[in-house]
Amino acid sequence: QDLPGTDNSTATLCLGHHAVPNGTIVKTITDDQIEVTNATELVQSSSTGKICNNPHRILDGRDCTLIDALLGDPHCDVFQDETWDLFVERSNAFSNCYPYDVPDYASLRSLVASSGTLEFITEGFTWTGVTQNGGSNACKRGPANGFFSRLNWLTKSGSTYPVLNVTMPNNDNFDKLYIWGVHHPSTNQEQTNLYVQASGRVTVSTRRSQQTIIPNIGSRPWVRGQSGRISIYWTIVKPGDVLVINSNGNLIAPRGYFKMRTGKSSIMRSDALIDTCVSECITPNGSIPNDKPFQNVNKITYGACPKYVKQNTLKLAIGMRNVPEKQTRGLFGAIAGFIENGWEGMIDGWYGFRHQNSEGTGQAADLKSTQAAIDQINGKLNRVIEKTNEKFHQIEKEFSEVEGRIQDLEKYVEDTKIDLWSYNADVLVALENQHTIDLTDSEMNKLFEKTRRQLRENAEDMGNGCFKIYHKCDNACIESIRNGTYDHDIYRDEALNNRFQIKGVELKSGYKDWILWISFAISCFLLCVVLLGFIMWACQRGNIRCNICI
């Protein structure tokens, strides 16, 4: 007898999700390696190789350092009164004036860089009894001897160098940066030739601070024909405060002040080409896109940049769990649902239906559940970026040799921060991936339960993501199930009748197996009884003797 399931009286409807032949491996909280249909890379690992000049204003230092431009080295005059968002120092920068040192070089460099301007205001300092505008053949401005344009080298006038005592109040409403210096002659003879006194002294003070410097006379390595040195110092004068300069020799006086500004300007060492392009994030390697939450290009950044992490790759799942389709099955050779495997080739949705009925086979996507999953996943990348991208800049840290312990501590702190962010990134991505897989599985289960509630007793769950429908269900009927308009009452009687017929035939077919097993058991029992009876009869006749030994 033919099963009713093989004629036009039944149909099969399977639910499933799409799959791809080769998925992407991602990490979740519970599994280090799980395959998904699609994932996006979260770590930016390469730069453009060039620094973009938009939207940030980039100032190329060329062959000048920021401090040389600040002091007014003759070959850096082009930078007078310049402004910037990011000052780019080049490795080929050099000084071309009187040799100098800055005891607090890193702090001054950082202070000026963050101000973002070299705007200079000349003030009328009165230096009585001394010669101004000293120069050196180590600092040529054209053919003549020159000096730093923002500093005034004071020497003796005739045979005297009086004690200088000059005050300059700050009557403005902004901070003023004064740059000054102390000259260290190479010999005692040079000291008296320039300043008369055998030992000079320079004191610069405000209401908040005071610095007193005694020159160190002695020969040093020759630089540009000079064995003397100048030490550069700086003082900030707040609004309402007063700058007081007292000296009896060796003073390199200020000519005015730099107007200090507050902002997020910075400085970076880089040899990357500056080009006309747009990029929010800049590293010494060049600009990088900021459409990813993490980067491992460089620790030093400027602008709205991804967080630096140690990982070379972090994959964010933007698709569901991937279970490739068993290729030996064929498209409908043995129709199966999502519990067994995914479906390849379903390009118009993530979830869908496959059916087999009297009109043949077919497939259609379920757009509603697909859209529900996509809506929840779409914002993930933006949310991760929002959690990690900040408008900040990680400047370079510089320390003198005597600050080695501070430098070691700073390096330890920075390395610890990177370790923490690398760990946080790993956990954050794993959590998001776990959530993505859980919600896509949930949408599949919701669609399956929705279909089950529609079919009720008109169909049977086959246990593999498919339903056996016990009534004739043409393509219009299948479509009503997909769009949620299916009325199970219309087909209930037919489904019950077909179900009983099919179950009855299955039951009758099952009796044959039971009868065979029962017949075999009875035959074995009768054979044992006959054999036992024969043995007992033979013993009574004496044909068989049985001895029992203890």
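Note that Cβ sites are derived from N, Cα and C of the backbone, with glycine treated the same way.
These come from Swiss-Prot:
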DISULFID  Cys52-Cys277  disulfide bond
DISULFID  Cys64-Cys76  disulfide bond
DISULFID  Cys97-Cys139  disulfide bond
DISULFID  Cys281-Cys305  disulfide bond
DISULFID  Cys473-Cys477  disulfide bond
CARBOHYD  Asn8  N-linked glycosylation site
CARBOHYD  Asn22  N-linked glycosylation site
CARBOHYD  Asn38  N-linked glycosylation site
CARBOHYD  Asn165  N-linked glycosylation site
CARBOHYD  Asn285  N-linked glycosylation site
CARBOHYD  Asn483  N-linked glycosylation site
LIPID     Cys539  S-palmitoyl cysteine
LIPID     Cys546  S-palmitoyl cysteine
LIPID     Cys549  S-palmitoyl cysteine
TOPO_DOM  1-514  topological domain 'Extracellular'
TOPO_DOM  536-550  topological domain 'Cytoplasmic'
TRANSMEM  515-535  transmembrane segment
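All protein chains shown were included, and the count of other CB atoms within 10 Å of the CB of Asn165 (N-linked glycosylation site) stands at 12. In the predicted model, the topological domain 'Extracellular' (1-514) shows an average pLDDT of 87. Look at Cys97 (disulfide bond): DSSP puts it in coil. Cα of Asn8 (N-linked glycosylation site) to Cα of Cys473 (disulfide bond): a distance of 9 Å. Note: the CA-CA distance between Cys473 (disulfide bond) and Cys281 (disulfide bond) rounds to 60 Å. The disulfide-bonded residues under consideration are Cys64, Cys76, Cys97, Cys477. Their Cβ neighbour counts within 10 Å are lowest for Cys477.
Cys281 (disulfide bond) has Cys52 as its nearest neighbour among the recorded positions Asn22, Cys52, Cys97, Asn165, Cys477, going by CA to CA distance. When the glycosylation sites Asn8, Asn22, Asn38, Asn285, Asn483 are compared by the number of other CB atoms within 10 angstroms of each CB, Asn22 has the fewest. Secondary structure at Cys281 (disulfide bond), taken from DSSP and collapsed to helix, strand or coil, is strand. Cβ packing within 10 Å was compared across the disulfide-bonded residues Cys139, Cys305, and the lowest neighbour count falls to Cys139.
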